[in-house]
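Read through the structure below, which is laid out as structure tokens, and then see the notes.
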Amino acid sequence: MSDYLPVIGITMGDATGIGPEVIVKSLAHDSVRAQCRPLVIGDVRRLEVAGRLVGSPLKLRAIQAPEEARFQSGTIDCIDLGLIPEGLPFGKLSAVAGDAAFRYIERAVALTRDEKIDAICTAPLNKEALHAGGHKFPGHTEMLAYLTGTPEVSMMLVAPKLRVIHVTTHIGLLDAIRKIEPGLVQRTIERGHQTLQRAGIAAPRIGVCGINPHAGENGLFGHGEEEEKIIPAVEALRARGRDVEGPLPADTLFYRAGRGDFDLVVAMYHDQGHGPVKVLGLEAGVNITVGLPVIRTSVDHGTAFDIAGKGIADERSLLEALRQGAELATRRA
């Protein structure tokens with residue numbers, strides 16, 4: 001592996017949530033600077049407030065471009081967009097914070113396009129605030145696809161002992177079932193396969209969930225969705241030499257994946273994949289957007305308005321997101 005330390009752009013997320021706190025806490029860990037050169041994209045004054053809340057000894061440096069960053073121990077370099085007014089309360093929905101969260105991502109994408117940073121790691125945003133700020137995206141994943149001009153991406157969640165990629169995400173269950181078709185299933189699995197290979201797994205073992213209980217039980221449950229929507233994709237991939245098994249009942253598949261039988265589980269819809277991951281590792285879970293022209297990792301939790309501003313937010317998910325983002329960027333380099 002290369003000795004290169006990638007520059008990771010950390011977007012601050014929603015300023016009224018726990019994002020500023022977990023960023024300041026994370027960057028106090030020496031392990032982060034051993035893995036990457038962190039560069040926050042957000043608001044210095046908000047990070048200073050968060051630093052006081054958590055008792056951080058780190059100093060903030062406001063800069064306007066990555067070239068100005070020093071990446072010194074004891075200091076946080078922040079590209080300061082200056083969008084958050086002083087005194088904005090924590091834990092309350094804000095259209096200003098929602099718009100700012102979009103602007104941080106927009107700047108991060110521009111910096112990756114200009115090859116000024118090597119990867120993006122995102123703190124959480126609030127979807128309602130994002131919409132109130134005028135940006136009608138379901139979440140980070142769809143926003144990044146739009147900003148990079150990528151027609152199709154996938155969400156992969158990673159937790160201790162489990163990786164899950166989703167065929168569909170932020171749509172209703174009926175819409176998800178209608179959207180699932182062999183081409184989408186096949187492309188999703190291929191994106192997951194390629195991502196795991198880049199992470200060092202030469203021949204990923206992939207298990208594919210069914211849609212119905214018991215994966216349809218040979219047609220007893222549902223209306224033949226497994227036969228129509230999933231099996232053709234699995235057969236096509238197996239013909240190309242991919243190690244793919246399914247469709248399998250989701251409950252037993254996740255059990256088998258947890259004991260190490262599979263490197264990746266393919267979930268058909270949002271809650272099918274999110275539930276098991278969050279049971280196994282909410283604090284250390286990571287969200288990776290697969291299929292973008294840039295590397296993007298994220299915490300696997302929300303803005304936690306109920307505890308925002310109290311200085312008690314857990315930074316472990318961001319630490320893991322930074323570690324995985326740095327690893328992917330280093331392998332690409």
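Heads up, the Cβ atoms here are built off N, Cα and C, so glycines get one too.
Same-site candidate for divalent metal cation binding, as annotated by Swiss-Prot with HIS170, HIS214, chosen from HIS29, HIS270, HIS274, HIS301: HIS270. Here the Cα atom of HIS270 (divalent metal cation binding site) is found 12 Å from that of LYS278 (substrate binding site). Geometry remark: ASN287 (substrate binding site) versus HIS214 (divalent metal cation binding site), CA distance 27 Å. Of the recorded residues, HIS170 (divalent metal cation binding site) and ARG296 (substrate binding site) place their C-alpha atoms 18 Å from one another. For the recorded site, HIS170 (divalent metal cation binding site), the DSSP three-state label reads coil.
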